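Here the structure comes first, spelled out in structure tokens, and everything after it is commentary.
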Amino acid sequence: MEEQAETKERLQRAPFETALHHAGYGCFQWLLLMSCGAVYAVCALSTTTLSFVLPAAECDFMLSSSDKGRLTATPLIGMCVGSYFWGNLADARGRKKAIIGALLLDAVAAFLSSLVQSFPAFLACRFFSGFGIIGATGLIFPYFGDFLSVRHRDVMLCRLEVFWTFGTILLPGIAWLIIQDPRFNLTAPGADFQYTSWRVFVAACGIPSLLVVLLLFPFPESPRYLLHANKPEQALQVLQRIFTVNSKLQEKDFPVESMICAGEEGEEEEVVSADNNGNETKTPLKWSKRWHAFWVRKKLLVTPPYIGLLVLCCFVDFGLMFSYYTLMMWFPDLFERFSQFSSLYQGVSAGVCEVSANVTRSEVDGLPECPQNIDDKVYIHTLIVALSCVPTALWVGLTINMVGKKLMLVMMLICSGLAALGLNLVRSSLENLLLSCVFEAIVSCTEAVMFCVVCEIFPTNVVATAMAITVMSGRVGAIVGNVVFGALVDQYCIVPIYIFGTLLISSGLLCMILPKSTRPERPQ
């Protein structure tokens, strides 16, 4: 009898991970994966929209390579500003609200950017698009991870990367259907207001951001966030809801009545009520206490061991996005340059840098006219590159627990760095396509593994902010990478290519010192 009473008491006062374990794993998590995956696919779509705007809008805005570098860097600046904003909003007001607000802002910015007629106004709109979409990109991992126990977290979070790949596959299809179709050129003859097909494409890329908001509405706020936000009754209701969906039983059958939550700054654990049966209840925090809690969270991030881990994660994501995002955005433009080179110098073999230099020299000499249409091969090659990511995304989701996050991160960063260096060796459009596929297939899943590491090594009450700072560092790297590549691609593109490879390889070597976890063992 005493043993049964002890078991009952232990369930009444269960830690959150134990309560989440009793809520079960099944239909609810898979439905949430579909919705969060759709959000992540939209993030990929919105983030890479400009990759087809670069060649398509070249004539309308009379873009030089430096202008293209500024254009791809501008939304990244918005991401840097927005990431910290959305991270703090998520820690203060909830993951779900922040994600929905970010998606709505991205949709509005996409529609406005399709309407504006000047290049500076277009840059401003793309700034706010980046400001918005980074909130959803950076928070969807912590939000989804809060519904997953330790046993399933890494695998399910890596499965999100498959949806990012779907987004990158969808983009060239949408671009080919809209940009190449003259029916989408809605500009009247002689009109000052231009609404060409590429503008329709930009607006169309904003529609999915609105649609996925509807997918998120049926799902609750993160139970882990609710518990740390002093809303234990709501947290328990969420776990009861997960339990009923997964087990098809009633809420009253859920074996946990209240949860144990660790207080701020590591003080003794305290019991927080999760029902109305006389258990203890925390009073809502006043603004002064909320402000104090805000600074407590920030103080935790700048104390050992978290400050060292945060700096390491920031450097790795900086190097990763410096290389990955830059090349991802410039691949369609590079494919278009290969197409122009082939038409100008038939039967001549050349590498990426030689092609860029010759095409630029020909444009300066006035040989080709401003291209009015993108070669169909550009869409096909971009689609092939996106499809090459599917096997890797599936492999990562299946093997991350066997290989381990740390070892996988090290291998992927070093291999992608070697592939980036190999771009100096290609001598044809086909070789460039094959190596681009290898690079994209490896590096596209690397940030997902990085996000899994961040979710694991930082405490719950600061993980969203840590994720936001890490993502912001990555976007700073992407800004620098795009500006540098845009400035050097015409004459000195070998320099950024060597930088890409060096940063990726050094980031992989630094990841060897990452800990397995800084958190105590949790029930599985």
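Indices start at 1 and increase along the chain as displayed.
Every residue, even glycine, has its Cβ placed from backbone N, Cα and C.
Some features that TrEMBL has for this protein:
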type	residues	note
DOMAIN	32-519	domain 'Major facilitator superfamily (MFS) profile'
TRANSMEM	30-57	transmembrane segment
TRANSMEM	69-86	transmembrane segment
TRANSMEM	98-115	transmembrane segment
TRANSMEM	121-144	transmembrane segment
TRANSMEM	156-178	transmembrane segment
TRANSMEM	198-217	transmembrane segment
TRANSMEM	306-327	transmembrane segment
TRANSMEM	378-400	transmembrane segment
TRANSMEM	407-427	transmembrane segment
TRANSMEM	462-489	transmembrane segment
TRANSMEM	495-514	transmembrane segment
Just to confirm my parser: what is the rounded mean pLDDT across the domain 'Major facilitator superfamily (MFS) profile' (32-519)? 79
Among 30-57, 69-86, 306-327, the most Cβ pairs under 8 Å with the transmembrane segment (198-217) come from 30-57
Restricting to the same chain and to residues at least six past its boundaries, which positions have a Cβ under 8 Å from a Cβ of the transmembrane segment (69-86)? 47, 50, 53-54, 63, 98, 101-102, 122-123, 126-135, 137-139, 325-326, 329-330, 465, 468-469, 471-472, 475-476, 478-479, 482-487
For the transmembrane segment (306-327), sequence-distant contacts whose Cβ falls under 8 Å of one of its Cβ atoms, 6 or more beyond its ends: 47, 72, 76, 300, 409, 413, 416-417, 420, 436, 439-440, 443-444, 446-447, 450, 453-454, 457-459, 462, 466, 469-471, 473-478, 480-482, 484-485, 496, 499-501, 503-504, 506-507, 510-511, 513-515, 518
Where, among 98-115, 156-178, 462-489, do we find the most CB pairs under 8 A to the transmembrane segment (121-144)? 98-115
